Every structure is written in structure tokens, then in C-alpha cells.
Amino acid sequence: MALTRLLLPISILWFCFYSSHTILQKDPLLICVNGDPGFDQRAYPTYFGPILDEFSSIMGFEPSILSLERFNPVGGPETSPDTDISVDDFGARGDGTDDTKAFEKAWKDACSSGSVLIVPENKNYLLKQITFSGPCKSDLRVKIRGTIEASSDQSDWVGHNRKRWIEFEDISNLTLEGGGTSNGNGETWWDSSCKRKKSLPCKSAPTALTFRSCKNLIVSDLSIKDSQKMHLSFDKCQDVIASNLMVTAPEHSPNTDGIHITGTQRIHVMNSVIGTGDDCISIESGSKMVIATNITCGPGHGISIGSLGDRNSEAHVSGVLVDGGNLFDTTNGLRIKTWQGGSGSAKNIKFQNIVMHNVTNPIIIDQYYCDSKDPCPEQESAVKVSNVAYMNIRGTSASEVAVKFDCSKSSPCQGYIVGNINLVGNGGKETTMSCSNIVQGLLREGLSTFLFMKRRVHECSY
């Protein structure tokens, strides 16, 4: 049963990529052409051919690439012994006193022995900044059943890494689960943020849970709330499943991204509810083969790729699929954001089967993103955005412009499919689509294809 339960997410992960690729190959506008007899995909073979080839190169890989090593019965790593240890066995009290040392001792034992590490239920464990490092002896399972809390006193962070609260690094074959809660007690950090009080200097604040350079990782069935800054970060990880997560913070808590993905390859975020003061999911440079399915988002800033290219940096993101979800009262829906002056690419991206509920900017590409106190200067270079598809997206927009593509003049967007988009204003008001600086064609020739509210759109300019 345990093996079956663990294999299920892998099967779902492969199915999502395979089914998306198969449908796109057969007819990328299959849903939206119903009721639009004037549109015939076959009339645009030079357009669809290259974009399908590009998507195939990302989505057409073998299933074995997505298999976590721990599930490979031949030559796989040693399995963990059936032994449980509790942090209480190492002196943790769970009564609000500092349990950091006890957790460090418990981790050292579990990492060296392969035992299952338990954080007992019905207790509140106070932790200061802590890093759980590998490599470990074998597969490792951590079950958080109780509550882990951060100190709300910022003086406790003196001499520690202010950018991270709980960090897991250089670990392979780790499962973190259990139904418990991580509470960052972030209120004091939010109150001292320059985003909330413009007169204050901007200082770093901790991310609640960071996974850095981890491989074959499962994070599931956890509640993560009120982080000091970002809630959950995957940094330079490979082969990750994040499922059944509840991530929450108040709407006006600054920089509290729900799930942050950077430099990470082959990750599937699924069946999760995220509502924070910033992006529900943010995908940044170095990330490839990212899937997000069945996501409930709101409040927050939506699901974002970026920001990319800040401080004239080079950034690359490719192979992103967002499939299925609901966004409630977010400031943005599906967003790609890049800074002027950057370089690199964001490509082979597909958003589909999303429902918007009173979302201010349901679909937006902003290549003039500027999150700065001072105006950002005009710059020539830009991150190249190409091969992007938006399919079967409906619901209500809080603004008249429901779809906005504000692409770079110097590096225009290239290769777009927008189909079966049905976004109306509150009360059924009609919405519009705005786009600028999109190349009329994909890579070589042909027409970019836009179907908005079941109508062909021709007014995109370049």
C-alpha cells in the first residue's frame, strides 16, 4: 500500500505531461474552435508546426525521466529501517521553550540511521534558525504532526542567517509530511518591512521552509502559515513533488510568496491551497519542467513566472505547465514579468483550464516590470518571451482589460496561442484584450493566433 501511494503522484505527473502534449499535437485549439466556423487550424500550418515542435521537445520525454530514484526497484537506494524516533527523545519539550538543540540532535541521529523522525502532535515546538544538512545514510522520512513555531523576537536572529528559518540542504530521498503546521509568526517582520512603511530601510527577512540542492523530494500534507517572508522555497532541487499543502498569510503581508521555485528541475506542485500577500507560486531563473495542477490561489498576486532579468541579469525558464485551478480576488492571474535590461529566455509555457474569480489582471505579460522606489530607466535588452499558450481560461475580471501583453520593443514576444478565453467583467460586462510588440509569426513566418471571447483578434501591434 505504501509503495502504491508513493507511486501515484509519479503516475499523475507523467499523465499530466503526456496528456497535455498529446492534446496539443492533435489540435491546440480543439476546445475553442467550437462555434467558430470561420477558423480552420489547417490554414495556418507554418504557425502551428514550429510551436508544436517546441512543445514536443519539452513535453515529449520518456516517463523514466520523471521517476524518482527511490521508487526504482532495481539498484535503488537502501530503504529506511522501520524505526521511529521522536524529537522528544532528544530533549524537546514542545511547551514554547527553545527546542532548537533537541531538533539538531534528533536530525543527526535520523540522518545517520535512516529512522523515521517524528514531531509529535498537540505540541508547539519553538525553533530558532536551523539547518538540516545531508547527505544522509538512506531514504529519510520526517513526520511533522504537531506545530513548529518561529520566534517572533527579531533579536533571536542576531548572528544567524536572516534569509532562512528552517533549511534542508544536500539531501536525497527525503519525504516531509505529517499533517502538522509551520508557523512563522511573521507579524513583527511585516510591520518592519519597507514595503509596508516606506520610511524604513529594506532588510532581509527569513523564508520559512527552504529546500536547497535536494533530490528526489516529497513535501506533502502540511500547513505553512504566516511566514516572515516567502513560505516555501525550492532552490536548485531536482525531482520534487509538493502536494496537499495549505499555505496562508494575510492579504497585506509583504513578500510572502506561497511557493517559490528557482533553479529547480522536474517539480510538480499539486492539489494545494495558497493564499498570501504575494505570488501564490513564483517560478524564477534556472527552472525547467515545472508543473502546477489543481491549485487554489487567493488572496495574492497570482501565479507568476518571474520576475526575470533584474539588475541586468541573465535568466532562463522553460517547460512550464499550469493545468487546472481557481484564482480568487488576486491582483494578477497568470503573469510573466521581466525587467528591462535583462537577457535570456522564458519559453515553452502553457496555461490551461483555469477559472478566474474577480481577478484584476487575469492574463498579463509585463516586460516593463519595476518593483522599485525609483522609476526604472529605459533599457534596450530584455528577456525573450516565446512559445506561450493560454487555453480554456474563463471567469470574471475586475478590470476592463482582461488580457494584456505588454512585450518588449527591443525583444518582442514570439509564438503565441490564445484560445477559448472567456473572461467577463462583474455583472457580465464585456472585457477587452490589449497587446503590443508581438512578432506576427513564430520563428519564421505565419500568423500569431488569438481567439478571445470566441472572436479572432487582429489588433495586436508590432
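Note that the numbers count up from 1, one per residue, in the order the chain is shown.
In case you wondered, yes, glycine gets a Cβ from its N, Cα and C as well.
Residues or ranges marked as signal peptide by Swiss-Prot on the basis of sequence analysis: 1-22.
According to Swiss-Prot, the N-linked glycosylation site annotation covers Asn173 (among others).
Annotation comment: Swiss-Prot describes Asp278 as active site, proton donor. Its own atom aside, the Cβ of Asp278 (active site, proton donor) has 24 Cβ atoms within 10 angstroms in the protein chains shown.
Taken from Swiss-Prot, the feature disulfide bond applies to Cys280-Cys297 (among others). There are 31 other Cβ atoms within 10 Å of the Cβ belonging to Cys297 (disulfide bond).
Asn294 (N-linked glycosylation site) falls within a strand segment according to DSSP. Residues or ranges marked as N-linked glycosylation site in Swiss-Prot (evidence: sequence analysis): Asn294 (among others).
Its Cβ placed at the centre, His301 (active site) has 24 other Cβ atoms within 10 Å. Annotation comment: Swiss-Prot describes His301 as active site, evidence class sequence analysis.
In the three-state DSSP scheme, Asn358 (N-linked glycosylation site) is classed as strand. The N-linked glycosylation site annotation in Swiss-Prot covers Asn358 (among others) and rests on sequence analysis.
In the three-state DSSP assignment, the secondary structure recorded for Cys413 (disulfide bond) is strand. Annotation source Swiss-Prot lists disulfide bond at Cys407-Cys413 (among others), citing similarity to another entry.
The disulfide bond annotation in Swiss-Prot covers Cys435-Cys460 (among others).
Considering other CB atoms within 10 Å as the measure, the emptiest surroundings among the disulfide-bonded residues Cys280, Cys407, Cys413, Cys435 are those of Cys435. Cα proximity to Asp278 (active site, proton donor) (within 10 Å) is found for the following recorded positions from Asn173, Asn294, His301, Asn358, Cys407: His301. In sequence order, Phe328, Asp329, Thr396, Ser397, Ala398, Asn426 constitute the residues six or more apart from Asn358 (N-linked glycosylation site) in its chain with CB-CB distances below 8 Å. A straight line from the CA of His301 (active site) to the CA of Asn173 (N-linked glycosylation site) spans 32 Å. Residue pair Cys280 (disulfide bond) / Asn294 (N-linked glycosylation site) shows a Cα separation of 13 Å. The sparsest Cβ neighbourhood within 10 Å, among the listed glycosylation sites (Asn173, Asn294), is found at Asn294. Separation of the C-alpha atoms of Cys435 (disulfide bond) and Cys407 (disulfide bond): 8 Å, rounded to the nearest whole number.
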